[in-house]
Amino acid sequence: MSQDLQKEVASRKTFAIISHPDAGKTTITEQLLLFGGVIRSAGTVKGKKSGKFATSDWMEIEKQRGISVTSSVMQFDYNGSRINILDTPGHSDFSEDTYRTLMAVDSAVMVIDAAKGIEAQTLKLFKVCRMRGIPIFTFINKMDRQGKMPLELLAELEEVLEIESYPMNWPIGMGKELAGLYDRYHRVIEQYRSEEDERFLPLGEDGDLKEAHEIQKSLYYDQALEEIMLLDEAGNDFSRERILAGEQTPVFFGSALTNFGVETFLRTFVDFAPAPSSHESNEGIIEADNPKFSGFIFKIQANMNPAHRDRIAFIRICSGEFERGMNVTLTRTGKSIKLANSTQFMADDRETVNRAVAGDIIGLYDTGNYQIGDTITNGSKKLEFEKLPQFTPELFMRVYAKNVMKQKHFHKGVEQLVQEGAIQLFKTWRTEEYIIGAVGQLQFEVFEHRMRGEYNSEIRMEPIGKKIARWVKEEDADEKLSTARSMLVKDRFDQPLFLFENEFAINWFNDKNPDIELTSLL
């Protein structure tokens, strides 16, 4: 790989934003896009009433509900770096999509609501990042409102997440009393709601302001200095190595809604976030500077442009250089594919991309070639990157087309939405009626909404309740074992499994059939 190309790869910063719903993830994404010069004004999720919608919430149902249910991809340049942001679903029902997205990034930004601290979904997603060993940057949001005390938030962060923290800045007051941020890294105080030329006040060697200023009259100024002294004496030492190893999280305070502390965060993040990392494969570690092009598909999205009924496969480039028109091998099938139609994104806006390098996320127009988890490369034809996580669904519904004359629309819709991985498809053993499985109820609502809106197919869903899915070997798929409490079905790859009513039904089945091995997904 040439030095120029190595430099280009090193400039990539590819990260996901994770949080619990309503922590302000979409708002901070909007502000980052603002600083990247991509949008002129940030439309927050509050725009549900005003008709202004967030850039990353492009799907109709997301606009209506104000939650992210698909992972958007956005790209911009900032301070010599190419930023690739993946905005992940905050809702727990879509955790599988989020988990797959986290396999495609080199670091994560965790957004925490200052009033609520660590919430359930944040903890779940944090654990995945920890499992991958990627750096995690923390942004404690909504400091313009009353919330938990900063020291309390730090203690909770370290205790619940079991990670070291290092506050890069420290709030001077909060809520109505918020006066500024003491920036430990840049050695300045950033004033809240001040003119641009007066916003940053330099600090002296003693840690206080070089010159007297009004902010020192704030009730919370002395308290902030005392807390910073405490952090200097008793807190963790700053360690770039531990940050890159995912063992220490730099913590930033701010307010995404009032755009306070966000650009300072972005500037610092770009300094510290890692360049594209290596990826594990069946042929060993594939480094980003490997000259052979390779990548994996972590997401498929149908109908990003409803007028064209298209399908886009999102690929994380792991090594080498992509050039439009190049020939690659889809290693799952051994098929040679010409990558003639490729695109980069700003939510639903897109432009053709002629070249991209390791770390970039690009979209490939898909006519049905790809599956989630596929590897493509112009190198070894047997290369496969590590498998992406798939969750065992817990809720199941039979699904039918209301209008039998529109079976074609119905089957196409089910097939495409299942290929996206947002919902899982099963069929009854003999009659092959459709059963769909999901992790949570919202997935069914989104499925129904999209079938109606994107495929013109009204559907009827009949709950068959909460079930426990367990796969069996083909030779063990005996229809005589199928009962109301242990229904034999097949998945979309025609692999047999039983849907059990409860743990008792599984235990009963195991007692009666000790030689049959039951397996689950994640």
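The backbone N, Cα and C atoms fix where each Cβ goes, and this holds for glycine too.
Source: prediction; values computed, not measured.
Here is what Swiss-Prot says about this protein:
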- 19-26, 87-91, 141-144: GTP binding site (BINDING)
- 10-277: domain 'tr-type G' (DOMAIN)
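Positions of Swiss-Prot features highlighted on the structure.
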residue	record	DSSP class
Ser19	GTP binding site	strand
Lys25	GTP binding site	helix
Thr88	GTP binding site	coil
Met143	GTP binding site	coil
Overall pLDDT of the domain 'tr-type G' (10-277), taken as the mean: 85
Binding-site residues (Asp22, Lys25, Thr88), the one with most neighbouring Cβ atoms at 10 Å: Lys25
Cβ neighbour count (within 10 Å, all chains shown) around Met143 (GTP binding site): 25
Number of other Cβ atoms within 10 Å of the Cβ of Ser19 (GTP binding site) across all protein chains: 24
